[in-house]
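A.B. asks: Please find one structure pasted underneath; my questions will follow.
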Amino acid sequence: MSPQTETKASVGFKAGVKDYKLTYYTPDYETKDTDILAAFRVTPQPGVPPEEAGAAVAAESSTGTWTTVWTDGLTSLDRYKGRCYGLEPVAGEENQYIAYVAYPLDLFEEGSVTNMFTSIVGNVFGFKALRALRLEDLRIPTAYIKTFQGPPHGIQVERDKLNKYGRPLLGCTIKPKLGLSAKNYGRAVYECLRGGLDFTKDDENVNSQPFMRWRDRFLFCAEAIFKSQAETGEIKGHYLNATAGTCEEMMKRAVFARELGVPIVMHDYLTGGFTANTSLAHYCRDNGLLLHIHRAMHAVIDRQKNHGMHFRVLAKALRLSGGDHVHAGTVVGKLEGEREITLGFVDLLRDDFVEKDRSRGIYFTQDWVSLPGVLPVASGGIHVWHMPALTEIFGDDSVLQFGGGTLGHPWGNAPGAVANRVALEACVQARNEGRDLAREGNEIIREASKWSPELAAACEVWKEIKFEFEAMDTL
């Protein structure tokens, strides 16, 4: 190295390791409308100051690395770096903090949830300075939202396609989830749809197994849909699961569904991946298919309360990537979901504008700038006695999905569907008449059961079934 080169290097670059907080902790920073904002729950290792931990998150999820590098001088770090601009302790928790991080929009590829998550929830989650890290919420700026198509159709377009208004939609997951032949599977679909349900559903792990190949299932389910439509005069659907081992195979299944003339297909968006999901959502919009989304694997990511990612973030990501329905818990069934927290991300799925509300776990005001909404699906351990609570909690713009609560009826599948439809119609009518579903729910169901033997039988079977456990979420 020449003396001249040595002089320039010594002036422009100083090698070594320095604290992240010297560069990435900027409490005076004023956030921009175009920034992506993140709220992380940070648990530092013993001896690591919270400022250093928050700055480390900002650095490792944006432009930083473990040591100073000379190529930092070839760009403007001030323009591209993430910034930890706020810290607050978590009430009731020892050594946990909410770290607020702002990311410049130029860090992210347009229209790519995959790229956004690769940065924000990538390698930083394995960082040694942190005992645990959880992404609680994201604020997606309107400038970035406008680069996404979002849901293929949205709530209003779906209602218009189905010609169904003023009530939640009713669904049922076909059980047993694995093992039925395609013909017997189609028979169960037909019986449920004929009995009064709007939709039936493939279970999330039904793809194309030796006992039932996908093409056979699609054909028998299409026959069931058209037969039940002819008999009831209502538009029906079955969520045909197009999830597959490759994107090419997934698209082939979606194309076949469109050729059959069915109204809706399905995708497991977390196991299938956001790239595949966005591709399928684009195809569904272009070809008039509704898209039902299942969240299989979500609890691996969101169940631990100090590490991972809250489902509200996955819900926002799904609205960007695309889906007309997504499973969102029940509050009252067998799967975990605290009421206020669940309603917080349900509103984030459906509404155009949601105000910051920490009591519901919403850390940032979110403006969706007319991106279509997503119907939340309540599913998991629910039955007719839950109908008043579900109708009150989720309102009209939702799908209430009863699997065992339909197919477990003592008289069979069609009577199980009748019982659910009668219970729903009774609850909607009572609500419209001004009755209090929370207080009078059981009475409303009993009154309706006097005129419906199917509902009376269902009420008797499930009168003692409850799923009561302590909620785990903390704000």
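Just so it is clear, glycine is given a Cβ too, placed from its N, Cα and C backbone atoms.
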A.B. asks: With Asn123, Thr173, Lys177, His327, Ser379 listed by Swiss-Prot as binding substrate, identify the candidate in Arg213, Arg215, Arg217, Arg295 belonging to that site.
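C.D. replies: Matched candidate out of Arg213, Arg215, Arg217, Arg295, per Swiss-Prot for substrate with Asn123, Thr173, Lys177, His327, Ser379: Arg295.
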A.B. asks: Looking at Lys14, Lys21, Lys183, which one is marked N6,N6,N6-trimethyllysine in Swiss-Prot?
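C.D. replies: Swiss-Prot records N6,N6,N6-trimethyllysine at Lys14.
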A.B. asks: By Cβ count within 10 Å, point out the most packed of the recorded positions listed: Lys175, Lys177, Arg295.
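C.D. replies: That would be Arg295, with the highest Cβ count within 10 Å.
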A.B. asks: Which one, from the binding-site residues Asn123, Thr173, Ser379, has the smallest tally of other C-beta atoms lying within 10 Å of its C-beta?
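C.D. replies: Per-residue Cβ counts within 10 Å for the binding-site residues Asn123, Thr173, Ser379 bottom out at Asn123.
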A.B. asks: Measuring C-alpha to C-alpha, could you say which of the recorded positions Asp203, Glu204, His294 are within 10 Å of Lys177 (substrate binding site)?
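C.D. replies: The recorded positions passing the 10 Å Cα test are Asp203, Glu204.
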A.B. asks: Write down the Cα-Cα distance for His294 (active site, proton acceptor) and His327 (substrate binding site), rounded and given in Å.
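C.D. replies: Here the two Cα atoms lie 6 Å apart.
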A.B. asks: What is the set of residues, excluding Lys201, Asp203, Glu204, whose C-beta falls within 8 angstroms of the centroid of the C-beta atoms at the Mg(2+) site?
C.D. replies: Thr173, Ile174, Lys177, Asp202, Asn205, Val206, Tyr239, Asn241, Met266, His294
A.B. asks: Looking only at Cβ atoms, how many others are within 10 Å of the one on Asp203 (Mg(2+) binding site)?
C.D. replies: 18
A.B. asks: Around the Cβ of His327 (substrate binding site), how many other Cβ atoms lie within 10 Å? Please give the count over every shown protein chain.
C.D. replies: 22
A.B. asks: Do any residues at least six apart in sequence from Lys201 (Mg(2+) binding site), in the same chain, have a Cβ closer than 8 Å to its Cβ, and if so which, in order?
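C.D. replies: Counting only residues 6 or more apart in sequence, the Cβ neighbours of Lys201 (Mg(2+) binding site) under 8 Å are Gly171, Cys172, Thr173, Ile174, His238, Tyr239, Met266, His292, Gln401, Gly403.
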